[in-house]
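The transmembrane segment annotation in Swiss-Prot covers 18-38, 67-87, 105-125, 193-213, 222-242, 266-286, and the record cites sequence analysis as its basis.
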Amino acid sequence: MSYIPFPDISPELFSIELFGVTFALRWYALAYIAGLLIGWRLVLRMIRAERLWSFGPPMTEDQLERLLTWVILGVILGGRLGFVLFYQPAHYLAHPLDILKVWEGGMSFHGGFLGVMTALVAFCLKERISILPVADLLAAATPPGLFLGRIANFINAELWGRPTTLPWGVAFPGEAAQSCPGIEGICARHPSQIYEAGLEGILLFAVLSLLVWRRGWLHWPGSVSGMFLAGYGATRFLVEFVRQPDAQFVSAGNPLGLAWQISGYGLTMGQILSLPMILLGLYLILRSRRTA
């Protein structure tokens, strides 16, 4: 069976030791930082492009600077709490201090999304500015960060896919990745992180950029946010078919790791969380067109 060996890339860019304590900069942390900075620059560019707006941009550059702090808190707190509540509530209920161990991994996109939305609504109410136009700005600027995050997932050899015999399957390192019932020897898996990087990162960014800069969708508040939600939800729903489910959902009687099922058919947790995003996204698109 042909497969692609996992590249020899350290998850750490570099590490230094100060006063007996080792500090390391990981690719994952760099992806978060770079994603936020790129997103900020993209939003700033859209704010400055007056032709994109019917009645001017929804906020000033100074307000954008303040919003960035709120977004950072929403991403970190929401992403962590989402993982705790959606994927391993029993573990963290028994070991509450483990919630603080973010360096051990465990972030949820859906939780981060809810955290950012909560921060966005609170910020807009405080600043007395319209919510949907600001949400459109953030939606159009989010995919580059998603792309970088998925590449970091690949480098960390985490969130890999289900076993496959396809020639582009990757032999991820580690006992968990190589534990494939019924497969002898090297176990190759779908590089689902790369699939997601291409779909929710590159493809979604291309679509949203076209709608913003060529089709003028920022003139219809909520339309860009709706396309982001529907696009991300749909791509995540599809990738879940080849993505390895979280270990806590997998058992001898549930080898596919379905979080909800009837007669052997069902949905993974990622698919369950993505369906409301798709429905809300379609609603926002239709609403924006009816009120245009």
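Along the chain as shown, the residues are counted starting at 1.
Placement of Cβ uses the backbone N, Cα and C atoms for every residue, glycine included.
Predicted, not measured: the structure shown is a model, and the values here were computed from it.
If one looks beyond the transmembrane segment (18-38) by at least 6 residues along the same chain, the residues whose Cβ comes under 8 Å of a Cβ in the stretch are 9, 11-12, 68, 71-72, 75, 141, 144-146, 148-149, 151-153, 155-156. When Cβ-Cβ distances under 8 Å to the transmembrane segment (67-87) are tallied for each of 105-125, 222-242, 266-286, the top count falls to 105-125.
Proximity of distant same-chain residues to the transmembrane segment (222-242), defined by a Cβ-Cβ separation under 8 Å and at least 6 residues beyond the stretch ends, is recorded for 109, 132, 135-136, 138-140, 142-143, 146, 161-162, 164, 190, 192, 195-196, 199-200, 203-204, 207-208, 211-212, 268, 270-271, 274-278, 280-289.
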